[in-house]
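Participant: This is the feature table in TrEMBL:
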BINDING   R142, 168-171, 241-243, Q247, 296-299, R457, 468-469  substrate binding site
BINDING   E164, N166, E376  Mg(2+) binding site
BINDING   E164, 372-381, Y383, 405-408, E431, K459, E465  ATP binding site
DOMAIN    231-328  domain 'Glutathione synthase substrate-binding'
Amino acid sequence: MSKQIGRLATTNGEFLAQRPRYSQSVRQLRGYVETAVDWEATHGLLLRAPRAEGPKWQQVGLVPAPVALAPSPIPRHEFEKVVALQPVLNAMFDRVSRDHDFLMDTLQSMGGADEFTSRVFAMYLRQRELGVAKPATIGIHRSDYLIHAPEDEPGASPRAKQVEFNTIASSFASLSAIVGDFHRYMLARTGYAQLLEGGRVEAEQLPPNESLTSIADGIAAGFALYGSPDAVVAMVVQPGERNVLDQRWVERGLWERHRIRVVRLTFAEILDRGSVRDGDNRLFVDGAEIAVAYYRSGYAPTDFPTEREWEGRWLVERSRAVPVPSLAFVDGPETAQRVRECFVGLYPLDESEEGQRAYKMALETPENFVVKPQREGGGYNSYGSDIPALLGRLTPEERRGFILMDLIRASRFSNVLLRDGELVASEVVSELGIYGIWVSDERGAVAANRAGGHLLRTKVAGVMEGGVAAGFAVIDSPLLV
């Protein structure tokens with residue numbers, strides 16, 4: 001923790017020296033668990049409980065979301081930089097989505113390496129061939145970063161390095177904003193700040209977070225371009241979804257701020273209960289016109305267990321309804337992510353000369369790399385010693401569906417994580433996400449382009465994946481130093 005509030009951590013050494021040191025005594029901290037859990041319950045910081053056997057009424061329980069007990073450090077100048085960069089990334093990815101020749105060259109080169117991505121791209125081509133017109137484009141994105149601050153390079157500057165750019169089902173925007181309020185309460189009202197070693201946390205180190213409202217406002221802007229005020233928004237969800245409260249906050253924001261009604265549907269339910277009207281191509285489900293289909297599913301093969309789910313998505317895509325995201329935001333390829341200052345090395349693993357060099361590097365020094373497929377949701381990356389075995393299983397054609405990325409040497413610090421009522425005091429690392437809101441009309445004129453708040457996910461150091469829903473991390477908030 002910085003003893004000179006406002007002094008920027010401009011080198012790795014300064015940043016690492018300014019990390020807060022929270023008490024690692026679980027005994028001292030147990031008294032705060034009940035306070036924390038009760039605060040979460042009274043403020044909607046909750047997840048649906050794992051589904052239980054028995055009557056349906058027993059399957060609606062809620063549990064506190066996994067959280068860090070106190071905020072985690074992020075260099076202020078890097079936080080401000082990536083927030084300012086987000087509109088640039090929003091615009092760049094919109095241009096990529098409109099560049100048909102680029103998409104053809106890039107995604108066709110993958111061949112059949114990734115069956116899921118290939119199928120989504122085939123749907124995009126079919127939609128384009130039919131000339132389906134959409135009145136708006138809506139992007140609800142999140143750009144994720146790790147702070148690269150190697151301890152053996154104290155004179156270098158800490159830098160935010162991008163991990164990935166998420167274009168579909170970017171979750172936890174609502175709960176993230178609530179966690180910021182939770183940390184303000186815990187530090188100001190409970191006495192937990194007294195367990196800090198070396199100083200106090202100032203209120204101005206905890207940045208405001210508009211992510212609780214930005215998603216709803218972005219969807220509402222696209223809804224307005226659709227032009228039917230009596231229509232509804234369909235939130236397309238996974239069966240058995242646990243992260244319901246995060247989604248309900250978006251639903252609440254659409255109603256309370258914009259008087260827009262939301263219906264929750266799965267892809268299969270859209271197929272069973274929906275139809276596209278001849279003549280004007282409007283989508284109706286249970287008699288309600290769907291203006292916007294906000295996807296909180298559809299990012300992984302498991303969301304399409306049968307052909308019915310694919311047919312349900314196609315019903316949306318061939319209609320006038322505006323999907324979030326559009327099919328042109330095919331999940332990947334990561335090779336489009338080239339705003340250089342925020343990117344570590346990204347290398348293809350195809351049969352090109354560059355791909356062959358990357359393949360050799362990955363086998364010779366796997367500890368320096370991550371192998372990433374075109375996937376979101378956590379649990380799909382390969383690290384270190386697992387890389388040679390993975391590459392050994394893949395054919396040259398299959399390798400086209402993966403990319404090699406330099407491993408980011410993220411800074412470590414102490415914090416205390418609270419999950420399922422249990423405390424874990426440990427060294428941790430954090431991943432910062434910046435939400436992006438993009439809305440444009442059918443001609444491409446921009447109606448909204450801005451950053452939309454932030455998410456911080458923190459995990460025990462040494463755990464490679466970082467998804468909260470996947471069970472790897474907790475929700476956190478940044479402490480700017």
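Glycine is no exception: its Cβ is also placed from the backbone N, Cα and C atoms.
Because TrEMBL annotations are produced automatically, they should be read as predictions rather than curated entries.
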Participant: Looking at the binding-site residues R142, S171, Q247, Y299, which has the shortest Cα distance to E164 (Mg(2+) binding site)?
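Facilitator: The answer is R142.
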Participant: Rounded to a whole angstrom, what is the C-alpha distance between N166 (Mg(2+) binding site) and R242 (substrate binding site)?
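Facilitator: Per the Cα atoms, N166 (Mg(2+) binding site) and R242 (substrate binding site) stand 20 Å apart.
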Participant: For I408 (ATP binding site) and R142 (substrate binding site), determine the Cα separation and express it in whole Å.
Facilitator: 19
Participant: Within 10 Å of each Cβ, count the other Cβ atoms and name the one among the binding-site residues R142, R242 with the highest count.
Facilitator: R142
Participant: Can you check how the pLDDT averages out over the domain 'Glutathione synthase substrate-binding' (231-328)?
Facilitator: 97
Participant: What does DSSP call Y380 (ATP binding site) in the simple three-state scheme?
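Facilitator: Y380 (ATP binding site) sits in coil per DSSP, no helix or strand.
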Participant: Highest Cβ count within 10 Å among the binding-site residues Y299, Y380: which residue is it?
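Facilitator: Comparing the binding-site residues Y299, Y380, the most crowded Cβ belongs to Y299.
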Participant: Y380 (ATP binding site): which of the binding-site residues Q247, S297, Y299 is the nearest Cα neighbour?
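Facilitator: Minimum Cα distance from Y380 (ATP binding site) across Q247, S297, Y299 lands on Y299.
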